[in-house]
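J.: Have a look at this one before I ask anything.
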Amino acid sequence: MTEPGGALPDPDPAPDRSRPVLFQVRPRKISILAGIAAFVVVAVSVVAGLLLKDVDEGVSFRAFDQIGLIGVGLVLAAAIMTAARPRLRVTEDGLWVRNVLGEQFFAWELVIRVAYPPNAPWAQLLLPDDETHPVMAIQALDRARAVRALEQVRALHDRFAPPQSRPRPMTIEVDEAAYARPLGRLEKIDLEKAAAHRRDLRAKAEKQARRQGG
């Protein structure tokens with residue numbers, strides 16, 4: 001069916017950015033560290049540029065050289081501050097993931113799980129065909145704050161994701177090193193809950209079978 005004017009409807013319409021944001025998270029510690037480092041770089045470049053003068057070896061520095069040195073410091077500071085760019089926004093339609101460069105939208109139908117692999121620096125989205133996408137807004141450096149963010153995003157995934165996109169229960173071994181990490185503990189708690197749920201279902205099925213057999 002065509003739209004008025006003969007144009008075909010868009011089979012894959014762009015996501016609606018006007019949707020209200022239900023949850024948003026950005027990395028905290030790396031942003032603070034990046035801000036401090038950028039400030040130091042700018043301060044050093046400004047001081048060095050202002051103090052740049054002629055030397056005994058006969059090298060002559062002009063105002064252009066001073067401005068250039070300060071400009072280099074500003075460029076380096078801007079590059080450092082890209083570490084603070086990651087952001088995750090969650091809406092009813094899906095997730096807006098912004099890492100260092102660019103922002104990408106993932107509909108709930110495409111997100112199988114929001115995971116945090118052992119020893120990984122940040123979370124990731126598990127997608128169909130064994131593909132993954134990093135979520136740098138949830139970082140191990142933030143520890144408990146990252147755990148809370150991961151729990152919140154997973155709760156929203158359970159709420160809005162269609163049943164076919166949710167992960168099936170599986171048995172995964174988690175080593176002690178992973179369990180020692182806060183986010184590793186969260187992964188293990190999820191697995192333990194899934195295992196307990198499977199045991200309950202198995203016990204109910206066996207009980208029902210005994211009743212039918214009796």
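Each residue, glycine too, has its Cβ placed from N, Cα and C.
TrEMBL feature annotations, pasted as is:
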DOMAIN    85-154  domain 'Low molecular weight protein antigen 6 PH'
TRANSMEM  32-52  transmembrane segment
TRANSMEM  64-84  transmembrane segment
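Help me picture where these features are in the structure shown.
T.: Summarised as a single figure, the pLDDT of the domain 'Low molecular weight protein antigen 6 PH' (85-154) averages 93.
Panel annotation: around the transmembrane segment (64-84), residues 26-27, 30-31, 33-35, 37-39, 41-42, 44-46, 48-50, 52, 100-101 of the same chain, lying at least six beyond its termini, place a Cβ under 8 Å from a Cβ of the stretch.
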J.: Please list, for the domain 'Low molecular weight protein antigen 6 PH' (85-154), how many residues fall into helix, strand and coil according to DSSP.
T.: 20 helix, 32 strand, 18 coil
